[in-house]
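Per Swiss-Prot, the features are:
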BINDING   HIS81, HIS113  heme b binding site
DISULFID  CYS38-CYS83  disulfide bond
DOMAIN    18-167  domain 'Globin'
REGION    1-21  region 'Disordered'
Amino acid sequence: MEKVPGDMEIERRERSEELSEAERKAVQATWARLYANCEDVGVAILVRFFVNFPSAKQYFSQFRHMEDPLEMERSPQLRKHACRVMGALNTVVENLHDPDKVSSVLALVGKAHALKHKVEPMYFKILSGVILEVIAEEFANDFPVETQKAWAKLRGLIYSHVTAAYKEVGWVQQVPNTTTPPATLPSSGP
């Protein structure tokens, strides 16, 4: 069950530090192993996201009605979106050495989700938390604290760039749908 957050403000600043060379290598090594199973990992991430935060489905007419995780896993539309999400993440991870490229990719993602899809930016933070959960589970025995911190730093960097794009296009926080409350951020984690 979701909790309704207090005043969720886009103005709240996330830490946005560039990753060190060691952090980039740690993220890229983990990512390479995840990306080898791109579609399955992406589907696992989105299914968990939609099961734990069902209000996020409001932005997806093609599968907003789905409640059963197995039905979601089999959905061609969900699988396609999972591949798009993983592809965007792959572009970011592969270009961590190039801050301008990372910024450009995340600006495009942020602007599209703000202008075309009207997605509340908090869902990026929630989704990135789900991604970290899945990574931690996939590499339960091989996810040292340093790598976890590097991924947490990347999470902040992604959210910072995406919310900057929302601000750039003049995003105004949407009034929550009364039948589907917005999700809160997970209380645990970095």
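Keep in mind that glycine also has a Cβ here, set from the backbone N, Cα and C atoms.
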Counts of helix, strand and coil residues, the domain 'Globin' (18-167), according to DSSP: 119 helix, 0 strand, 31 coil
Other CB atoms, at most 10 A from the CB of CYS38 (disulfide bond): 16
Between HIS81 (heme b binding site) and CYS38 (disulfide bond): CA-CA distance (Å): 12
Pairwise CA distance, HIS113 (heme b binding site) versus CYS83 (disulfide bond), rounded so that it is a whole Å: 16
CYS83 (disulfide bond): tally of other CB atoms within 10 A of its CB: 14
Binding-site residues (HIS81, HIS113), the one with most neighbouring Cβ atoms at 10 Å: HIS113
